[in-house]
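K.L.:
Quick one: the structure is below, and I'll ask about it shortly.
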Amino acid sequence: MRDRTLKYLLILPAALIVLGTTIWPLAVSLVTSFRDWRLTRSLAPGPFIGTEHYVIAFTDDPDFANAAMVTALFVLIDVTITVVSALGLALLLRRAGVLQSLTRAVLILPFAVSPALVGISFRFMFNAEMGVFTWLAGVLVPPLQNFVWLADEWAALLVLVFSDAWRWIPYMTLVVLGGLAALPKEPEEAARIDGATELQVLRDVTIPALLPVLAVVAILKTVFALKMFDQVVTLTGGGPGAATTTLAYLVYSIAFRWYDMGYASAVAWILTAILVFLAIWYMKLILRKPGQT
Amino acid sequence: MSPARRRKLLWQAVESAILLGALFLILFPILWMALTAFKRPVDLFGLTFLFTPTLDNFRAIFAHPWNIGHTLLNSFIVAAATVAISVPASTLAAYAFSRFELPFKGALFFTILATQFIPAVVVVLPFYLLFRDLGLLDTVYALIVVNLAIVTPFATWMLKGFLDAVPTESEEAALVDGATRLRVILDVVVPMIWPGVVVTAVFCFILTWNEFLFALILTRDDAVTLPVGITRFRTERGDLWELIAAAGILISIPMFLLASVIQRHFVRGMTGGAVK
């Protein structure tokens, strides 16, 4: 067979999979988002109602406004902590040493744990009666002795961030370490010979050279923080109240508790639009190298 | 001792303290859950490292009514089948993207990559309705189909990275000798990138094994996988933490082994070769 035909046949299976498992459901969701479709009333899709769901979401739904706020807060705290910690830890791990190689060896472990399990484990460890972290916090900060972490709005959000950061910081540290290893040694050494202090070398040479990697880390983490769902279910259940109900969890609630498929699809698409925007940004960043694609 | 030397020692002490703290934070939750798996319920409240270990929890989760063996089998079937379908398909597509000029190649590749950014919850709604109509809710088939959505773009991107790094001379030599392109892919190219194929397969296996959202929405009893299975131990009688921990160990140990083996490539796969 000629290459001219073959190259299309080679792509065909993967293209069909992506078309069937991603593009098709995306299109269906988009169409559904313009319909009134509540499974509690009818199993068949209802009439088209235009952009009503989107209008409601942005003007007349306190749940949506709350979830958008919770998501923004979660993403902001989570991404900041992850990027700063991953950079700091990677810089410390650059050197040789027993403690360093030991830490490097365990960095991959949290990422291999199922996020659902991470959530439920943190729920256990922040349990009011027998949570080991609850106890530890009480020992370190005595006023926190009988504090019920998951019943407090802010504390619950912070525990959620902690559980997600636990999974991601070590992983992103590996990414930053990879970036550091790829940097040329000469500029740092030249700066040292010129009499720069370690802090100056870090601020003026190392970190600027590392910015592309840090940007990748920040965007990837933003994407995964926006999508984060598993731990909300298994750690906080969106509560207390709706203090940890993120947009992804709100979509789930609307669809599978209230069975409003139309509105759930609209909220899902608002989230998708944000993510696609980030995807384009990310792609531009990493595909900028000449000669690719 | 000179002030400069003293400052250096002090800084080293601070560094070691930070690293010890990091080690503690990374390992402690894993260690604590592992210990909990061997505790009797009465020992849970003690917050102690000293207790008489028991294997009762592992016996309990494999017995009625939990039957975690069945859940384990579901997880394995879904992950293995997803990998078996997506990795070959992705290898072929990655080869085409790596070696041939294609119309709209940039746009096509972008579409494949961008699907990774789509929230799973938007994909699962139409599938839920479709599988309900087809009577396929709570089957492993439904889970395999939706997991392909996550795994295939990843695999294509990873494999293209491996293919781009392989020199093309031996392929061209085989083509000149009269071999067909398909034979060359199977007999020359795949053996050369075999480590990459294995890493990709392991990577996809881990992703599918840990997947939670699809399984939560699309399964109820028969096709439940491990991440959803552990939520079953939260009963009306309260949360059975010792059983959750035992099941958690069961889910995690194979993934720890796999992840450690492919650690170096793991990072590259996730960032699509952006960070080498």
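Positions of Cβ are set from backbone N, Cα and C atoms, glycine also.
Note that TrEMBL annotation is computational and uncurated.
Among the features that TrEMBL reports, domain 'ABC transmembrane type-1' is placed at B:72-262. Residues annotated as transmembrane segment in TrEMBL: B:9-35, B:72-95, B:107-129, B:141-163, B:184-209, B:243-262.
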K.L.:
Which residues of the same chain, at least 6 past either end of the transmembrane segment (B:141-163), have a Cβ under 8 Å from a Cβ in it?
P.N.:
78-79, 81-83, 85-87, 89-91, 93-95, 97-99, 112-113, 115-116, 120, 123-124, 127, 131, 189, 193, 196-197, 199-200, 203-204, 207-208, 211, 214-215, 218-219, 223, 225, 265, 268-269, 272-273
K.L.:
Are there residues at least 6 beyond the ends of the transmembrane segment (B:107-129) whose Cβ is under 8 Å from a Cβ of it, and what are they?
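P.N.:
For the transmembrane segment (B:107-129), the list is 93, 97, 137, 142, 145-146, 149-150, 152-154, 156-157, 213-214, 217-218, 272.
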K.L.:
So if I exclude everything within five residues of the ends of the transmembrane segment (B:9-35), which remaining residues of that chain have a CB under 8 angstroms from its CBs? That is, six or more out.
P.N.:
1, 49, 245, 248-249, 252
